[in-house]
Amino acid sequence: MRQNSGGRLLFKKYSAGKLRLCTMNLKNIMICPLANIVLLFLTCRPVVILQIGIAVLVVVWFFYFLITRRSPPKDTLFYVFAEFSFTCVIDLVSAMEHDGFISGFMEFYQKTGEPYLGTAYAIMMCYWDGIVHFIMYLMMIQRLWNSKSYRTLGLFWAGSLFANMSVFVTGIVVGKFGSDIRPAFWLNMPFLMLPIWGAIKLFNQPKNGPTLGGYRAHYDQSFNLIWRPTDLLLVLLLLGAMAFTLFRGLVALDSPLEACTIYLRQYEPYLKDPVGYPKVMMLHFLFYMLPMLGAFIYGLVVPGCTWMPDWTVFVAGGVAQCQWAHIGASLHPRTVAPFRIPDEAFLAVLAANLLYAVIPSLIAMRCTSNTNFFLTVTKLPGMEGMPWVPDADTLVEKKHN
């Protein structure tokens, strides 16, 4: 009898609790019936979130297409910039909501769509996209609409967004969220593929400056590296960046070297954060950026490397974005305390990472501000043994469409 009484009592409590829950849900549905029905449906069908995301992107693109159909842009990248500028606002809202500045906009999507957007790395990535990329999109749209060149800025954007998404997508797959990938994950694919297409398109566009050099370029290329102090300093910085890249790559690969163990424990424990992003980033740097840094040294030593201005800008964009997200995530409160930068090594680690982020940008500034050393020199009458003439024209030939 006691056992039956306890069972009936338990059933009554359960029924009362269930009744209260149903009453609360009924009140919510009465207050906002459509929203709650939609949320309930989306919770049961995650694939619908992917479909809605695709539909929103298509509608936004179609809107831009309609408002420009009477005067269509000559460059199809206009639609990419316009579409992505819309998503920048979404990324900024997501980052601000995760940090508690606003609320009530992205909570449902964060839980059922892409939960990894709540990681420290993704939050810093969204800030970069919502602020830096957004400004670049507006600048490129303005220049494109006025028929001005945006090639250099476009290469910086392409490098930044490609590095952003390649680390982000790979980190999702290999990190702790890899076992819970939801359909909304595939919404990231356009943001990974379109920068590649944009970079190819921009690399194939005619360059802004001269393509062939004359007397002045011949004069600048006659100096050895030892007599070019700026280039010599940049080469030394590149050598240091290469050593740092190799070392952190070994740390990410769990090298048993004592120096790697000490660095991981006392300086950058964030490299072993289970979210996977820092490890993926270090491997990207090790296998892709390390050879590029070596190529940049070659380009600063050997004259006539015409590819230097474009590739230094592209790499500078990627490194700037990656280092922003890496530094910010290693300091963000959403990163578990054992993986943050220790207080004793804070200044040293911060300085090393900031310098590492700035070096490619310094190389890009050097290569784009004075391209004489990187031009192909055309043999002109009397060039051999002829002293430099300051007023000589360096522009011999320019490529045209």
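Glycine residues also receive a Cβ, built from the backbone N, Cα and C atoms like all the rest.
Small disclaimer: the values here were computed from a predicted structure and weren't measured.
Per TrEMBL, domain 'EXPERA' is recorded for 74-199 (among others).
Look at TrEMBL and you will find 230-364 (among others) tagged as domain 'EXPERA'.
Annotation comment: TrEMBL describes 21-42 (among others) as transmembrane segment.
TrEMBL lists 48-67 (among others) with the feature transmembrane segment.
Beyond the transmembrane segment (76-96), the same-chain residues lying 6 or more positions past its ends with a Cβ under 8 Å from any Cβ of the stretch are 57, 60-61, 64-65, 68, 102, 105-106, 109-110, 117, 123-127, 129-131, 133-134, 137-138, 140-141, 144-145, 154, 161, 191, 194, 198, 201. Under the heading transmembrane segment, TrEMBL lists 76-96 (among others).
Sequence annotations record features per position, and here TrEMBL assigns transmembrane segment to 116-141 (among others).
Positions annotated as transmembrane segment by TrEMBL: 153-173 (among others). Note on the transmembrane segment (153-173): residues 77, 84, 116, 121-122, 125, 128-129, 132-133, 136-137, 139-140, 143, 181, 185, 188-189, 191-192, 195-196, 198-199, 202-203, 275-277, 279-281, 284, 310, 313-322, 325, 364 of its chain, located 6 or more positions outside it, place their CB under 8 angstroms from a CB of the stretch.
Within the same chain, residues 50, 53-54, 57, 77, 80, 84, 87, 114, 151, 154-155, 157-159, 161-162, 165-166, 168-169, 172, 310, 314 sit at least 6 positions outside the transmembrane segment (185-204) and bring their C-beta atoms closer than 8 Å to a C-beta of that stretch. Per TrEMBL, transmembrane segment is recorded for 185-204 (among others).
TrEMBL lists 225-247 (among others) with the feature transmembrane segment.
If you look up TrEMBL, you'll see 281-301 (among others) marked as transmembrane segment. Sequence-distant neighbours of the transmembrane segment (281-301) (same chain, 6+ residues past either end, Cβ-Cβ under 8 Å): 163, 166-167, 171, 225, 231, 234-235, 238-239, 241-242, 245-246, 248-249, 251-253, 271, 307-308, 311-312, 315, 318-319, 322, 325-326, 363, 367, 374.
The transmembrane segment annotation in TrEMBL covers 313-333 (among others).
As annotated by TrEMBL, transmembrane segment applies to 345-365 (among others).
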### Query
Taking the transmembrane segment (116-141) as reference, which of 225-247, 313-333, 345-365 has the most Cβ pairs under 8 angstroms?
313-333
### Query
Which bits of the chain, at least 6 residues beyond where the transmembrane segment (225-247) starts or stops, bring a Cβ under 8 A of a Cβ in it?
259-260, 263, 285-286, 289-290, 293-294, 296-297, 300-301, 352, 355-356, 359-360, 362-363, 366, 373
### Message
What residues elsewhere in the chain lie close to the transmembrane segment (345-365), defined as a C-beta under 8 angstroms and at least 6 residues from its ends?
### Response
156, 234, 237-238, 240-241, 244, 266-268, 296, 300, 309, 312-313, 315-316, 319-320, 323-324, 326-327, 330
### Message
Give me the DSSP three-state residue breakdown of the domain 'EXPERA' (230-364), ordered helix, strand, coil.
### Response
110 helix, 0 strand, 25 coil
